[in-house]
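Participant: My structure is below; once you've seen it, I'll send some questions.
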């Protein structure tokens, strides 16, 4: 046990990860992903149309929407629909999810159709965007498998797996997969998106307290690589079940 983390986890230890496929019945892909107490419902919906800028080009599109239930956190938040617009954080996160998933898709093989990943946070305890990316990939694969089974596409457009994890410096120690208690009190917070080839798709890093050093950055990236490998294994296990 580590006494430096509120949860007692070791610095390089993920929270328990659960990836449950087929969580709802109507969407082509549906996954409940849990990173500890963070729970996100990820659904993949297929539509036989593309945005205007892609019409007639023979390419598909992958996009994402992200939202939180009003009581996903300690206190209730108004629904963004009631406010009449999405917040900046919501837009930032859903664009991140969309970019991350497009990085693993051959859009020519998808044809002129759109797959939308809807990521709804049921309960938030840190790492909602990384959980959303990790779960949305599995939902995306299930949706693609439906298209293949129906004969709508001839070639699998999935280029490889994608997963994401948070890392940070908490009380002077680089740690993996921050929960809310750590995320709200860390010196550095970073989200790392990677593919199964070890390539980095996106890095989002911020010094919350003091500037981080190069050696701390290297340590954080090393932790992220370890965590993503474990998440990729969890994705594969879920898809093989």
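Using the three backbone atoms N, Cα and C, a Cβ is placed for every residue, glycine included.
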Participant: Pick from 83, 89, 171: which one does Swiss-Prot list with 127, 128, 129 for the same phosphate site?
Facilitator: 89
Participant: Using a 10 Å radius around its CB, how many other CB atoms surround residue 127 (phosphate binding site)?
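Facilitator: The Cβ of residue 127 (phosphate binding site) has 25 Cβ neighbours within 10 Å.
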Participant: Which has the fewest other CB atoms in a 10 Å radius around its CB: 89, 129, the listed binding-site residues?
Facilitator: 89
Participant: May I ask you to report the DSSP-based helix, strand or coil state of residue 127 (phosphate binding site)?
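Facilitator: Residue 127 (phosphate binding site) sits in coil per DSSP, no helix or strand.
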Participant: Please give the maximum pairwise Cα distance, in Å and rounded to a whole number, for the phosphate-binding set 89, 127, 128, 129.
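Facilitator: Answer in Å: the longest Cα-Cα distance is 13.
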